[in-house]
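Take a look at the structure set out below.
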């Protein structure tokens, strides 16, 4: 026994265990020896063996003696429900059991009970572990803010340690105060470096490993703020450090996958392996694990692993039957396979089984119907969502879709139903006062505008009259009403126009010069130039008529002869004048393209029979050159003007040249 005592004080529990076993060989039912053996096994990390000893000797080791050790072993073996039962069955609740009870409640995510347990511990205990209890208390508050969206109360904890700063930052993230949370994390990083640098045995690598969880939360804030590149860089830096916390690695890997989405799929498939590490399920909350499983299913869909996607989404749906995401993932996978009808049936069945989530499901169904081109069916689905059918956004969407389908009656019916809903539901809330809310009045106005646009003037008039009754001083509504009546009942429009304010009351006192000279004016009046001398005297005479500019004389042709009478037909085109005889053909046109290349047609004139009329009947002598010279001065008959021949116009299709008109 003295050896067991000495080894226990020195922390050498392995040697202490050997001594205890020697005692148990002498007396196997010694309660103290068995208790010491359980403690030694726990200190050595042999929780399963320790629990086996407790369960084997239940008659000797009663719950009063060994309750804490048994519950602790179950807690460390992740048998949280069993640990809770062991603690609750203990006859006496010691401080040790209360501490363990708080840890068990935290793991079970019963944060309200956990918060009460830690408050009781801090209030009724004073020892060196007070700082740790406050840290645990702040962790509970952070979990409530993050997972249950509870606004945390100010506990008045002094943030003297980096753990308290970190938990405070997590609580701020849960509230959406990202900038404040980032400042808290920076302070936590600074405090962590200061506290760890005081220990000479701690290396820089150890400090970076301890800061990994703080940096991971910083990267998460960057991701929420849309700074995905910075977040991705910081995430990868943490992974390179290879931290031992499998929970941290799993969360970072999951966040990287969410950044990649349907891009960089190969990297995402590698990161998924980090989320499957052993012990991850005991390090993360249920919502964190659920989010990781959802992302696995989505990644399987993006990588065209249809069977894997269905398997994961079906598993998620069995775990959380009322959750929306599993059925939405299944519907998305069916749509990728172009099975839209099956997707709609799947969503319809889920909406019928879970009416509480029917609104979101029906919105998805409507989107699928629109994608298929069935706009009318999509409208029917949207109108079946009772809790949304009166919302301005839903009314606007339905009216737009019905207008696209040219179903004006249904669009007006949507307006009417929404207006009636506000009339019935807000009258009771007003308690006799005016039940017309701004939303209700805006719907009536939009309905009137829509009816006017589509020619439903009488229906629009009734809406405008109701609006005017609600606010007789609304000139805009009155003007619309008069405009509508002018198309239907002009006399009524004249009567209503008397209610319009006079032009004097409506006139605006505007300084036109200041308005035109303002910075934003599109028209700027040009400033008049300074006038001096004679010009100034001329401007003073208001009745003085401006001098007319002298017209310049027209230019005459170069060959103009004043003695000759101009041709009266000079304004007509040349081809329309009485003396036009047509264009003369070129002299050498008949020679073009005849003979070989480079040759001349010297014999062409000899072959012309027309030339024989004026030439001597005898042929020229051979060798004499008189043949060409004899006919060189003779005018061919086609170029001669026949005496007294009538003027005939030849029909020639030629393009008009510029300047054909006129000429002297």
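Backbone N, Cα and C define each Cβ position, glycine as well.
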Annotated stretch (coiled coil, per TrEMBL) among the listed ranges 24-79, 80-135: 80-135
Summary of DSSP states over the compositional bias 'Basic and acidic residues' (558-579), given as helix, strand and coil counts: 3 helix, 0 strand, 19 coil
Reported mean pLDDT - the coiled coil (80-135): 89
Tertiary contacts of the repeat 'TPR' (212-245), as residues 6+ beyond its ends and Cβ separation under 8 Å: 162, 166, 169-170, 173, 178, 181-182, 185-186, 188-189, 192, 205, 251-253, 255-256, 258-259, 274, 283
